[in-house]
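Worksheet: the structure to be examined is printed underneath.
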Amino acid sequence: MGGVPWKRVELVALVLYALGFYLVVIRRSLRLSHDYSGRLYGLRAGSLAGYLNDLSDAQWRNFRGNLPILTVVMGAFLIVVNTSRYSYGLKGRGTALMWLILSLSYLYYLHGACVVFILLISLINYSIVKLFAHYKYCSSLIWSFNLSVLILNRVYEGYSFSSFGENLAFLDNYRGTFRWHICFNFVVLRMISFGCDYCWTIHSSHFDHKKHMQRCQVCYSGKTCYFALQERGLNVDRYTFLMYLCYLTYAPLYIAGPIVGYNAFAAQLEVPQKNYSFTQISWYGLRWILSFLLMEGMTHFFHYNSFVVSRLWQKLSPFEVFIISYGVLNFMWLKFFLIWRYFRFWSLVGGVETPENMPRCINNCHDLESFWKSWHASFNRWLVRYLYIPLGGSRRKLLSIWVIFTFVAVWHDLEWKLVSWAWLTCLFFVPEILVKSLSNKFQASSSLGMLVHREFKAIAGAVTISCLMVANLVGYVVGPSGIKVLISKMAGKEALPALAFIFTTFYVGVKLMFHICEASSSQG
């Protein structure tokens, strides 16, 4: 079936449709950005003459604004650590001590006196792990403590020193430049990782490295992949307070990740990663610069996020609401792509490999499962290891996804719109799981059967993308309060042509993804 000529004809037709679609979207986006520029919030003077820059997203604005000083810090830290490591042969504890000193100075600049809160909570967690590691309920205790910390940090907005006594009130004037409890969400994940890895090591590790080597090209070549580093336990004496504190505060990954497990981190402090050569890391950095320039162009010409912040989407037509939503999703993907890859680059140069957070473009995912494996992928791996598998894995998939996505929402923030997003995602996830289960049992043998199966998958993919758009509209664009307005806009007769065009576009997009996947498989 792979060599049938109709596939080439189909591919040409799909590409022509896609080009037409993007031409329409680009033209309408440029017009919207121009017509509403006087009413949009967050626009600043741009680097390109005659164009305003959309800096309405606080996270991107802060990252972009602090990029020069952050790069200086990165360079200075890497010079100190790598020079010391290679000059004095530092390994393990020596490297951990060096990184800990630098990282604590970094944290003090970010959080000032609030570093005390971080160290105190970290000490309590370490004590719980060490005291109860030999008991079966240790993992539950670790989770309970960290969930409580996560919620209390948000409820009390990082606490105030004055609430612990008037004598400490003056410390509230030295809280640094960045709210510590925002960054601490990542520290919570690391504390859980350390605790569970230690408990599982004590109760024996079941990782079959020989079996893994037969399936992993990296390990088969003589290197060690990230998965193997994470899954195989360390010697018990490697779970020290020094290594633990270095892991929690490790400067390159402290602010935004990617998330690395304790086992993998500690192993790479002993022996730096060798999977990426100097040339590969340099090319990785160059690609990041090119992607940053792409982002600059996008925020200068298309003010998608500003429409959301200004709540002007309510004045747009259904098709224009779709364009803004689609644009916001692509803006968010590129934003996180740049932030996460910047810190991953820093970590790689420092000798610690982490999972790639955005291994696939957002426009090349046609089901929820592949989307979440490719969006914040290191978090996905963390959730699989520390939550999904302990909850029963695939045996209880339909139930565990509700727990997992609720945790993801609470971990991000205590907001109803995020909880709504999480539950909507689960609601759309359940049918996909059931349909996939039935589809896997169906094996088409004839050409007609394979064609029907392919069309069914394309339609199912278009439905999934539609559901994903709705969930993200509620979570990141309109919010729960805007659902009624959104429904009223999309339920009218005038919206039907736009909805039909949108669904057709998703269908065409899924078909293109099939061709990309088939081309990749033939090359592999």
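Including glycine, each Cβ sits where the backbone N, Cα and C put it.
Residues or ranges marked as transmembrane segment by TrEMBL: 12-30, 67-86, 106-126, 241-265, 286-303, 323-343, 398-414, 420-438, 458-478, 498-517.
Each of 12-30, 106-126, 241-265, 420-438 was scored by its Cβ pairs under 8 Å to the transmembrane segment (398-414), and the highest score goes to 420-438. Contact counts against the transmembrane segment (106-126), taken as Cβ pairs under 8 Å, peak for 241-265 among the stretches 12-30, 241-265, 420-438. Outside the transmembrane segment (12-30) by six or more residues, the chain places 301-302, 304, 319-320, 323, 326-327, 505, 508-509, 511-512, 515 with a CB less than 8 A from a CB of the stretch.
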